[in-house]
Amino acid sequence: MARRPLVMGNWKLNGSKAFTKELIEGLKAELHDVTGCDVAIAPPVMYLGTAEAALSGCGCSCGGKSVIQLGAQNVDINVKGAFTGDISSEMLKDFGAKYIIIGHSERRTYHKESDEFVAKKFGALKEAGLVPVLCIGESEAENEAGKTEEVCARQIDAVINALGVEAFNGAVIAYEPIWAIGTGKSATPAQAQAVHAFIRGHIAAKSQAVAEQVIIQYGGSVNDANAAELFTQPDIDGALVGGASLKAPAFAVIVKAAAAAKN
């Protein structure tokens, strides 16, 4: 089946109110006529309100609803209560966020988030009607040891074991080899395709229907120079973009490359 690609910008710990407004204005100008590709941005959570306001009333052919959708970089497993500093799925929903990144290697590393904890976040998002963007991927040492498939399977199975394979209906997986994140080193299109095909096949072993519809993005030093070649691969359904998403022209090139390659 034809899958609609998704290109999502992960701003990480970058930005300000002024930066958010300026970047979104640039993105609206660049992307107002893009079709055939879903687009989302995940600014820091305190700027979601600014972003929501900046995205509304763009005045183009979208009828006041921007082609760019909102996302977020994290979520807590709790809905409310005495959980200082945390953000719930319902709060994200209240700001119009749809695509929520979970399991990013930076969260797994710096905040010691386990596969099982990430699976709980996945479940919380599904229950709230939001779209989990599940990041998976291996370290450089694991890659060199030939453990890429083992690591990816383990991270996917944590969700399947907790929620069932059907939980991946309407969800997104982002394969991000840790050794490629922010390093300038990207997997080759063939390398990325091999892992994406494995991921889809691993899910297909449980459900072919779920595997055929799940969006599998590539992430890890995706930029305006390498995106088009990555998107020629049949199992790469878009990208989770870091640094290049902070510049409207570069991010627009990536989005347009996905739209052109998949339509």
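Backbone N, Cα and C atoms are what each Cβ position is placed from, and that goes for glycine too.
Residues annotated as active site, electrophile in Swiss-Prot: His104. Annotation comment: Swiss-Prot describes Glu176 as active site, proton acceptor. The feature substrate binding site is assigned by Swiss-Prot to Asn10, Trp11, Lys12, Gly182, Ser221, Gly242, Gly243.
Within 10 Å of the Cβ of Gly243 (substrate binding site) there are 19 other Cβ atoms, across all protein chains.
Under the three-state DSSP scheme, Asn10 (substrate binding site) falls in the strand class. Annotation for the binding-site residues Gly182, Gly242: lowest Cβ count within 10 Å of the residue's own Cβ, Gly182. Mapped onto three states, the DSSP output places His104 (active site, electrophile) in coil. In sequence order, Asn10, Gln73, Asn74, Cys135, Glu176 constitute the residues six or more apart from His104 (active site, electrophile) in its chain with CB-CB distances below 8 Å. Comment: substrate site residues Asn10, Trp11, Lys12, Gly182, Ser221, Gly242, Gly243; largest CA to CA distance 14 Å, whole number. All protein chains considered, the CB of Glu176 (active site, proton acceptor) has 27 other CB atoms within 10 Å.
Look at the Cβ of each of the binding-site residues Asn10, Ser221 and count the other Cβ atoms within 10 Å; the largest number goes with Asn10.
Sequence-distant neighbours of Lys12 (substrate binding site) (same chain, 6+ apart, CB under 8 A from its CB) are Pro44, Gln73, Glu106, Gly242. Under DSSP, Gly243 (substrate binding site) is assigned to a helix (H, G or I) in the three-state scheme. Apart from Asn10, Trp11, Lys12, Gly182, Ser221, Gly242, Gly243, the residues listed for substrate, the same chain places the Cβ atoms of Ile181, Val241, Ala244, Ser245, Leu246 within 8 Å of the centroid of those Cβ atoms. Residues near Trp11 (substrate binding site) in space but far in sequence (CB under 8 A, at least 6 apart, same chain), listed by position: Ile41, Ala42, Pro43, Pro44, Gln73, Ser245, Leu246.
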